[in-house]
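This report refers to the structure that appears directly beneath it.
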């Protein structure tokens, strides 16, 4: 079995693959204060509840945008599983040409998403990853990573509105029943949700035009299930796209 780990600023997503099949996955908070031993305990508890034997894990692949957690999790994997993880970064074979001014600047998760979307859906394609930040990544018809855009995530926008407007309460991030709100909370939810949707649709539409025509648009990330269905120009919602990309890259390096 293969353990795939996607380390983000807010959450860590772990998945267990048996061949090409994703057997199970978990989402835990990204906590920079936790030690390797604490993360090891979490992994063992999750595996126990799932009825999995960690001794069956034959390889580990990891993509991270949090350097401190990369070190902690690498130590945890070495101690708990006896494996050296494949950490996505320079020198790792992805099979995807990077048409970026400085390829080392591209986040590991964005590269992995690009690999996955081209392998699973073909190109040209656009990946929208709804996480702490919202990233848009363009993949050519030939499978080249072309670049993209980075915008604040909807959670950041919500926190900023609450923090900077003294009389506005903190609200739950949910789809409002209508655009025209009838109370302060509903008005905030409508403005946050539909303002964000408009931003996403605008960036996708302009990106497609810059790419010369129609590109398949795939949404992923922790908030893809909430926001993806509301965006008219998103074709597919695939919350496990990053884990699939990690599996694909691992296979290309073994």
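From the backbone N, Cα and C atoms, a Cβ is placed for every residue, glycine too.
Quick look at what Swiss-Prot annotates:
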- 6, 7, 8, 9, 10, 11, 12, 13, 132: ATP binding site (BINDING)
- 100, 107, 108, 109, 110, 184: substrate binding site (BINDING)
- 109: active site, proton acceptor (ACT_SITE)
- 129: K(+) binding site (BINDING)
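Within 8 Å of the centroid defined by the CB atoms of 6, 7, 8, 9, 10, 11, 12, 13, 132, the record's ATP site, lie the Cβ atoms of 30, 65, 66, 131, 222, excluding the listed residues themselves. Comparing local CB density within 10 A for the binding-site residues 10, 132, 184, the maximum falls on 132. Between the CA atoms of the residue listed as 'K(+) binding site' and residue 184 (substrate binding site) there is a gap of 29 Å, rounded to the nearest whole number.
Only 8, of the binding-site residues 8, 12, 132, have a C-alpha within 10 angstroms of the C-alpha of residue 109 (substrate binding site).
Of 6, 10, 12, 132, all annotated as binding-site residues, the residue with the shortest Cα distance to residue 108 (substrate binding site) is 6. Between the CA atoms of residue 10 (ATP binding site) and residue 110 (substrate binding site) there is a gap of 16 Å.
Cα of residue 6 (ATP binding site) to Cα of residue 107 (substrate binding site): a distance of 12 Å.
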